[in-house]
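Peer 1: Below, the features straight out of TrEMBL:
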- 46-153: domain 'Phosphoribosyltransferase' (DOMAIN)
- GLU116, ASP117, ILE118, VAL119, THR120, THR121, GLY122, LEU123, SER124: 5-phospho-alpha-D-ribose 1-diphosphate binding site (BINDING)
- THR120, ARG148: orotate binding site (BINDING)
Amino acid sequence: MQTSDVLDIFRSAGAVLEGHFILTSGLRSPTFLQKARVFMHADKTEVLCKALADKIRADVAGDIDYVVGPAIGGLIPAYETSRHLKVPAIWVEREQGTFRLRRFEIEKGARVVIVEDIVTTGLSIRETIACLAELGAEVVAAACIIDRSAGKTDVGVPLIALAEYEVPAYPADQLPPELAAIPAVKPGSRNI
Ligand SMILES: O=P(O)(O)OC[C@H]1O[C@H](OP(=O)(O)OP(=O)(O)O)[C@H](O)[C@@H]1O
Ligand SMILES: O=C(O)c1cc(=O)[nH]c(=O)[nH]1
Ligand SMILES: [Mg+2]
């Protein structure tokens, strides 16, 4: 599956939004990929996650014990990707702002692939790795549907992206005038 196929699916779901968005990293962007508008369609989600599972299988040597999704955005793609990989899917969720594995136990040495929806700075994946490392799990790779950094972010483990799509993002104090003129909205769930 090519980047253009992935973007076609996002566009067909009305998931490529234009405006002024506050990202989870605090960066600002004129474009937001509202993945929830894709994941509301099981057929579109299945196509994307089957392709991502194929890529993970091709890239990861050895067994995978769990897929881990960072809530909320990672829940649905992690679950659907795990279905194709035939391994259990569990998730981390924020407790007072920090990702925790609140509902599950994981064995020390368990081999994990993190499955995310979108990567911008890789912050959320690094936070997920920190949580899993503290529990003694081994994160063998991370994967995502779309990498907005187009391969530039380093999460500390191999990052397997179904699509790479570079989108501008700016520090809040360095906004271009056309972006500064639009009221900002924050669609994600961090800090709520
Ligand atoms: O690479 P990063 O800079 O961390 O950005 C990507 C993250 O941002 C979004 O999550 P967000 O915290 O906005 O909440 P959500 O999962 O509820 O959408 C998205 O789901 C990724 O987890
Ligand atoms: O960086 C983010 O927070 C982010 C960007 C994006 O396009 N979509 C998303 O859900 N989160
Ligand atoms: Mg998220």
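If you go along the chain as it appears here, the first residue is 1 and each next one adds 1.
Glycine too: its Cβ is placed from the backbone N, Cα and C atoms.
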Peer 1: Reported as an integer number of Å, what is the Cα distance between GLU116 (5-phospho-alpha-D-ribose 1-diphosphate binding site) and ARG148 (orotate binding site)?
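Peer 2: So the alpha carbons of GLU116 (5-phospho-alpha-D-ribose 1-diphosphate binding site) and ARG148 (orotate binding site) sit roughly 12 Å from each other.
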Peer 1: Note down the number of other Cβ atoms within 10 Å of the Cβ of ILE118 (5-phospho-alpha-D-ribose 1-diphosphate binding site), including every protein chain shown.
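Peer 2: Total other Cβ atoms inside 10 Å, all chains included: 23.
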Peer 1: How many other Cβ atoms are found within 10 Å of the Cβ atom of GLU116 (5-phospho-alpha-D-ribose 1-diphosphate binding site), counting all protein chains shown?
Peer 2: 26
Peer 1: Distance between THR120 (5-phospho-alpha-D-ribose 1-diphosphate binding site) and ARG148 (orotate binding site) at the Cα atoms, whole Å?
Peer 2: 5
Peer 1: Relative to the Cβ position of THR120 (5-phospho-alpha-D-ribose 1-diphosphate binding site), how many further Cβ atoms are located within 10 Å?
Peer 2: 20
Peer 1: At a 10 Å cut-off from the C-beta of GLY122 (5-phospho-alpha-D-ribose 1-diphosphate binding site), count the other C-beta atoms across all protein chains.
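Peer 2: So the number of other Cβ atoms within 10 Å of GLY122 (5-phospho-alpha-D-ribose 1-diphosphate binding site) is 21.
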Peer 1: Looking only at C-alpha atoms, tell me how far ILE118 (5-phospho-alpha-D-ribose 1-diphosphate binding site) is from ARG148 (orotate binding site), rounded to the nearest Å.
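Peer 2: The separation of the Cα atoms works out to 7 Å.
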Peer 1: What does DSSP assign SER124 (5-phospho-alpha-D-ribose 1-diphosphate binding site), in three states?
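Peer 2: It is helical.
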Peer 1: Quick one: give me the count of other CB atoms within 10 A of the CB of SER124 (5-phospho-alpha-D-ribose 1-diphosphate binding site).
Peer 2: 28
Peer 1: Using DSSP, what is the helix/strand/coil residue split across the domain 'Phosphoribosyltransferase' (46-153)?
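Peer 2: Residue counts for the domain 'Phosphoribosyltransferase' (46-153) by secondary structure: 37 helix, 34 strand, 37 coil.
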Peer 1: Reported as an integer number of Å, what is the Cα distance between ARG148 (orotate binding site) and SER124 (5-phospho-alpha-D-ribose 1-diphosphate binding site)?
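Peer 2: Distance between the two Cα atoms comes out at 13 Å.
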Peer 1: List the residues in the vicinity of the 5-phospho-alpha-D-ribose 1-diphosphate site, defined as same-chain residues other than GLU116, ASP117, ILE118, VAL119, THR120, THR121, GLY122, LEU123, SER124 with C-beta within 8 angstroms of the site's C-beta centre.
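Peer 2: What remains near the Cβ centre is THR24, SER25, ILE125, CYS144, ARG148, THR153.
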Peer 1: When you measure from each Cβ to the nearest atom of ligand 2, which of the binding-site residues GLU116, ILE118, THR120, GLY122, SER124 fall under 6 angstroms?
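Peer 2: Cβ under 6 Å from ligand 2: ILE118, THR120.
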